[in-house]
Amino acid sequence: MSQDSQHGKWTISSSDDDDEGLPPSGTATSKPHRPAVSSHSPRQSTPVSSLVIGSEARQSAAMNQLNPVKYETSPSLAGKRKKEASDGSGWALSDSDDDDGDVKGKSGSNVPKRALSPKTKKPKVENERPPSPHGRLYYIEEFPTFEISGTQLTPICHHQSSLKLFYQVILTVFCYLDILSPLFGTLKESVQFNYCFDIAWMVKQYPSEFRDRPVLIVHGDKREAKARLIQQAQPFPHVRFCQAKLDIAFGTHHTKMMLLWYEEGFRVIILTSNLIRADWYQKTQGMWMSPLFPRLPKGSSVSEGESPTFFKRDLLEYLASYRAPELEEWIQRIKEHDLSETRVYLVGSTPGRYVGSDMERWGHLRLRRLLYEHTEPIPGEERWPVIGQFSSIGSMGLDKTKWLAGEFQRTLTTLGKSSLRSDPPVHLLYPSVEDVRTSLEGYPAGGSLPYSIQTAQKQLWLHSYFHRWKANTTGRSHAMPHIKTYMRTSPDFTQLAWFLVTSANLSKAAWGALEKNNTQVMVRSYELGVLFVPSAFDLKTFPVHRNPFPVSSSSSGFPVPFDLPPTCYSPKDQPWIWNIPYNQAPDTHGNIWVPS
C-alpha cells in the first residue's frame, strides 16, 4: 500500500499494524531490529540488553552504534528484501519483520565494507562537528567537553541560581556528575525514577564518597526486562528496586526524577534524560533543579513548608499514587522538609481511569486546570501561537478532531478564565530526516526519536503541523532533542504566557484521553514535568532570552531551547521515522540506517 503526502512517500506491508502507536518497552515482547551488515564480514551475537534496557528503538540505535553500516552504492544492499518508493527519495519499510533469534552484528575487527565502484561512491560528509565514538565505548567512556557553534557544552553546576526558580530550567547537554556533586550537599540516600537504566554507568556517576549510599530505582519493567535490570544491579548491594504498577496496556513508567536526601536537607530534580550514557552526551535535554529544602523544626505540622504553588502537596500526592511501600519513608521525609521556596507547578500523569474531580488531577486536564487558575487572558490571544516540542509521537487518530484539536489543543490554548475559545496557530517541533542525518550522532540519534512507520502512515494530516529542530541560538542545532517542552508565545515570539518542561511526549498515553462522552479520562503512563507561569514570579509574561547561555543571576529572559520563530517543514522535508531505511545519503559519520 503506497502513501503520499506533502512530507513524504513510503510503501508499507499491509500486514503491519500497531495498537496505540507506542514504542514497546524492553519486555519479552520487544524484538530488537538487526542492522544490515556486510555479506563478507564475520558475524557474532551481540546482546543489546547488555548495553541498554529500554525500547526497541533504543536497542536498534545501540546496535547501529556498535555495527555502523557504511554508505555505499545501492547494490551493496543486495540480499536485503525491502520495498522502496519508486523515486528513491521516499520512505520505505523492510518486510523482514518475521525475523527472529539473537541480534547479530559484525565482529570486533571492524573490517570496512568495500565499495563496488570507486567512481560511484559518494564521499563521506565532511566532519564539521566533533565525531561521536562508536561501539561499546560510546556507552562506557567518560565524555569530554565540546565546542558547538561557539557555545561550550560544559558541566552546568555554575548555572544553579537560588534567586528564583525562574532560572532553574537548564536546557543543555549536561553532566550527571555535577548534579550529584558534593558542592550541592552531603548525600545520604537517593531515588532514581526513570524509563531506561544502565545501572553500572549510573553508579559510576556518583562521586566516590557517595558511591555506596543507598539508591532506590523506580522502574516499570516486567518479566525478562525486570530480570535483566536486577541482574545489572547484582554487583551493587546498595541498589534496591521499586516496580511501578502499569495496569493499563501500552503504558510506560516514563517519569524522570531524582530525590536526593542530604545531611543538610532535601532536593528534587525533574529532568528529561534516561539513566544511560547516550542521553547525557550529544543530545539536548532539560532539567529543573530545586533549591536545597531545609528540614522543618521538630513538631511542625504536616501543612508547614508548603509553597505558593502547592508543590509539596502535589509531590506527595504523586508519590502516593505508586501505592508502593518502598516510597513510604521518602513520603515521610518530604513531609519533614520546607518546600516553600518552590515557584513551579507540578504536572504529572499516573495510570488509571478517573472521573469527577479526579479527572483534573493528572495529565493534560491537570495542565488545563492550572492554566485556567493561574494565567490571565491576553488581548489578541487568538494570535498567540502554541508550541509543542517532543521526541516521540503516538497515535493521534484519523484526523485532528479525534484528540489533538478536539481535546489537547483546548488545554494548550487555555488562558485564565476567559470564555474565548481561540484557535491560534499550533506549531509542533519534531526533527526531520535531514536534522537527524546531520546531527552529532548521525542516524543513531534517531533511536531516541521512536516515531514508527505504522503510526505515521495513519496520520498524514499531522505532518502539516511539523517544524524543524533548529537551535542556533543555543548552539544545539546538531544535538538532537530528547527534551520535551510546551509553551504559549506572543505573535512576535518575544514573550511567553507559560512554559512547561516535562517527560511527556505527544501521545494520548502520556497526556490522557477523554472517554465515555467526556465523563472519564484514561491515562496509561507515568509522566512528570514542571510548569512555569508568570504570576508565580510577579510577572505578566516571561520575556524570551535571545542568548540564554550561560544562565546567570543577571539573566533577564526565559531560556527557550530552540530558535523562535520555528521553521516550518519544506515540501521536501520528512519527519524522522525510526524503523525504515535511510540509505540515499550518509550521515555525519559516513553511515546509513538500515533496520530490518
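Heads up, residue numbers simply count up from 1 along the chain you see.
Using the three backbone atoms N, Cα and C, a Cβ is placed for every residue, glycine included.
If you check TrEMBL, you get these features:
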- His254: active site, nucleophile (ACT_SITE)
- His482: active site, proton donor/acceptor (ACT_SITE)
- Lys256, Lys484: substrate binding site (BINDING)
- 38-49: compositional bias 'Polar residues' (COMPBIAS)
- 57-67: compositional bias 'Polar residues' (COMPBIAS)
- 1-133: region 'Disordered' (REGION)
- Ser507: site 'Interaction with DNA' (SITE)
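Projection of TrEMBL feature records onto the structure.
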| residue | record | Cβ neighbours (10 Å) |
| --- | --- | --- |
| His254 | active site, nucleophile | 28 |
| Lys256 | substrate binding site | 28 |
| His482 | active site, proton donor/acceptor | 26 |
| Lys484 | substrate binding site | 24 |
| Ser507 | site 'Interaction with DNA' | 28 |
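A separation of roughly 12 Å, to the nearest angstrom, links the Cα atoms of the residue listed as 'active site, proton donor/acceptor' and Lys256 (substrate binding site). Lys484 (substrate binding site) sits 12 Å from His254 (active site, nucleophile), counting Cα to Cα. Rounded to a whole number, the distance between the Cα atoms of the residue listed as 'active site, nucleophile' and Ser507 (site 'Interaction with DNA') is 12 Å.
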